[in-house]
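What Swiss-Prot annotates here:
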type: BINDING; residues: Cys16, Cys41, Cys102; note: [4Fe-4S] cluster binding site
Amino acid sequence: MQLQLLKESGQREVFCGLTSIVWLHRRMPDAFFLVVGSRTCAHLIQSAAGVMIFAEPRFGTAILGERDLAGLADANEELDRVVADLLQRRPEIRTLFLVGSCPSEVIKLDLSKAAERLNQQHRGRVQVVNYSGSGIETTFTQGEDQALTALVPLMPQSTTPQLLLVGTLADGVEERFLTLFERLGIGPVASLPPRRSTELPAVGPGTKLLLTQPFLGQTARALQAKGAELISSPYPLGVEGSELWFRAAARAFGISDEHTTSVLEPLVTRGRAALEPHRKALEGKRLFLLPDSQMELALGRFLQRECGMELVEVGTPYLDRALQQEELDLLPADVQLSEGQNVEEQLQRVRQSHPDLVVCGMGLANPLEAEGITTKWSIELVFSPIHGCDQAGDLAELFARPLRRRGALTFA
């Protein structure tokens, strides 16, 4: 099927990859994320995480001052001092992520060499890795992709058959998924990222990859380079996507369709029942998805096929066909897709099309609301447990809620 694809470039309106630290630091409590950046970087992460500094969270910022940016001070020397002080204060840290930012990249601070140097200085005490969270060329979810890619070289090699779930899931969702895989007869099952940064799963020719998020292309390719095999499937958002996701894994491990159906059928029935009250609020409503997270195709598929919404346009920051083809195949043939962003032109199309709901970044939401256009923050979908059949009702409610709010505030 040939879908209409509009490629755009121009001014963008997205968060940077530093935002992903908010969910990654919760996933790996023995890791610390040290951003090498400006005060703006520090304010962004602290505000996004909703954590006060005196609570000693597992992230922080080594702030580049004016002398650093002007090249009048040795930023590497200062970074070494900051890391030494941090490790002395926080002896529980086992993995230290040095996270690049727009300012550190502008002054060409080589954090890969810094990581090598710090590994030598603190050998046996902590593992130091680095990745870029800069938003110069990427969107916010790609921060996780960069972080996981940085861990791949540290993963031991193995030829043992296993399933590897790639991408951060809420703990409760992951537990339910592991239980379902056990009932299906699939195992062992490992996760990347792991709950402890020092307990990285092995990977090799016997490993089959199942992605939980569509924005992990770089990680998937790094794992494939180590011999792993990617299982292609839609993503586990909504009842349909979750069922197809589990069925793809079952087929890859030789599980019969009959057994898979017997395990999944109760969940599918329960998930569809949970969807029904929200479907009534969403059915027939017109939806415009602005590019922000790379989750837009999966969300559009869910909202159109399971909730009855009409897709005006589905935008994505980057269309990775190797990871998104299964989602593309489930979208209507006449849907308008856009890749990349020219924010002024896209906002003009929003105004002209008069959608009932726009899914967009926080920076665009308030201006659109002021124009009378109902919006949903796309970043909330990354922070919320939305994966799996059991969460399908909650996922639909996230979109029904702003429509109900708008209805409650409308006066005759």
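For all residues, glycine too, the Cβ spot is worked out from N, Cα and C.
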For the [4Fe-4S] cluster site (Cys16, Cys41, Cys102), what does the 8 A shell look like? I mean other same-chain residues with CB within 8 A of the CB centroid.
Gly17, Leu18, Val35, Gly37, Ser38, Thr40, Leu44, Ser101, Pro103, Gly133, Ser134, Gly135
Going along the chain, which residues six or more apart from Cys41 ([4Fe-4S] cluster binding site) have their CB under 8 A from its CB?
Leu18, Val35, Thr61, Ser101, Cys102, Pro103
Around Cys102 ([4Fe-4S] cluster binding site), how many other C-beta atoms are within 10 angstroms of its C-beta?
17
DSSP three-state assignment (helix, strand or coil) for Cys16 ([4Fe-4S] cluster binding site):
coil
Test of understanding: give the count of other CB atoms lying within 10 angstroms of the CB of Cys16 ([4Fe-4S] cluster binding site).
22
